Amino acid sequence: MKDILNALYHQKDLNDEEVKKLFTLIIDEKVSPAQLGAVLCALKIKGESFKEISVAATTLLEHAPKPFNSGLDLIDNCGTGGDGLKTINISTIAALIASSMGLSMAKHGSRSVSSHSGSADLLENLGVNIEMNPMQLENCFKQSHFGFLFAPLYHQSFKKSAPLRKELFTKTIFNCLGPLINPLRPKIQLLGVYDKSLCKTMALALKALGVKRAMVVNGGGTDEIVLHDITHACELKNNEILEYDLSAKDFDLPPYDLKELQIENAKESVQACLDILENKGKDSHTMVVAANVASLLYLSHRAKDLKEGVSMTLEHLKTKAPYAHLQKIIRLSHA
């Protein structure tokens, strides 16, 4: 541990062996709170490399139980969170809609730290059992194309280090790791990051982890694709990373103000979700969610481009099938 800290104090990247050793010690609770705080801050100041992030994720995955084998190319749209803008839960609503369209969504997530409602909070408030056992999860997934993996159930190191990380008053490597350690190891990911500078780093980390197809995005300072500002994207395609910007025009949608997406409390988040699924949501809410679903359809080769993905999503919402689909997920999660 001393050598690892010394390397970080001298602004040196850790090699693979050092990262694996460090995170094994963290998992085994052999790192003191003072040492963990020092490591996280030193990594933050140095700047985490994509290799450090990917090896840390691999180590955490090696120690996480895998609930079941699906045999499918699974999709996740878990983001880092941490943008602090308190918007509706775009990614979770998008995952529910995408699964109602037949995409195999293995949604990894946790409770909110900086927003009114994280993915776990929203689903729980909707009535979904967020702590499904492996049998329930597999059954729910097979019958609905949707499964929620509550991160603290699979990664105790996240749960146990949470109080210390909160006291640091800064984002750490743990924020980056959250979207990378889904125990079902999805091969397709739409990953939102809280800072534009992380897009390329996280895309490289996904590539190193063996993800086949991905898009890492930051839209106007949020960890989502947005319509009120430019969304910066790094797309992993054919083992190459393409970097570009997206605007509302790329989705054939009008722009909307960020304020229209912001909510005051968790209750508003639930109502926004239900309204969208029943095709009676505010245009600003429905359209930004449609843009995110479109990206999932595009990454999954279900839509030839983003505009077609939006058109498919909006037509599907007219049927109100996503609302009935949510009721099915709620029922299956408690079965």
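Just so it is clear, glycine is given a Cβ too, placed from its N, Cα and C backbone atoms.
Swiss-Prot has this to say about the protein:
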BINDING   GLY79, 82-83, THR87, 89-92, 107-115, SER119  5-phospho-alpha-D-ribose 1-diphosphate binding site
BINDING   GLY79  anthranilate 1 binding site
BINDING   SER91, GLU224  Mg(2+) 1 binding site
BINDING   ARG165  anthranilate 2 binding site
BINDING   ASP223, GLU224  Mg(2+) 2 binding site
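Sequence features, as recorded in Swiss-Prot, placed on the structure.
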{"residue": "GLY79", "record": "5-phospho-alpha-D-ribose 1-diphosphate binding site", "Cβ neighbours (10 Å)": "27"}
{"residue": "THR87", "record": "5-phospho-alpha-D-ribose 1-diphosphate binding site", "Cβ neighbours (10 Å)": "24"}
{"residue": "SER91", "record": "5-phospho-alpha-D-ribose 1-diphosphate binding site", "Cβ neighbours (10 Å)": "28"}
{"residue": "HIS108", "record": "5-phospho-alpha-D-ribose 1-diphosphate binding site", "Cβ neighbours (10 Å)": "24"}
{"residue": "ARG111", "record": "5-phospho-alpha-D-ribose 1-diphosphate binding site", "Cβ neighbours (10 Å)": "18"}
{"residue": "ARG165", "record": "anthranilate 2 binding site", "Cβ neighbours (10 Å)": "19"}
{"residue": "ASP223", "record": "Mg(2+) 2 binding site", "Cβ neighbours (10 Å)": "27"}
{"residue": "GLU224", "record": "Mg(2+) 1 binding site", "Cβ neighbours (10 Å)": "29"}
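ARG165 (anthranilate 2 binding site) falls within a helix when secondary structure is assigned with DSSP. For the pair formed by THR87 (5-phospho-alpha-D-ribose 1-diphosphate binding site) and GLU224 (Mg(2+) 1 binding site), distance between Cα atoms is given as 10 Å, rounded to the nearest Å.
Here the Cα atom of SER91 (5-phospho-alpha-D-ribose 1-diphosphate binding site) is found 7 Å from that of GLU224 (Mg(2+) 1 binding site).
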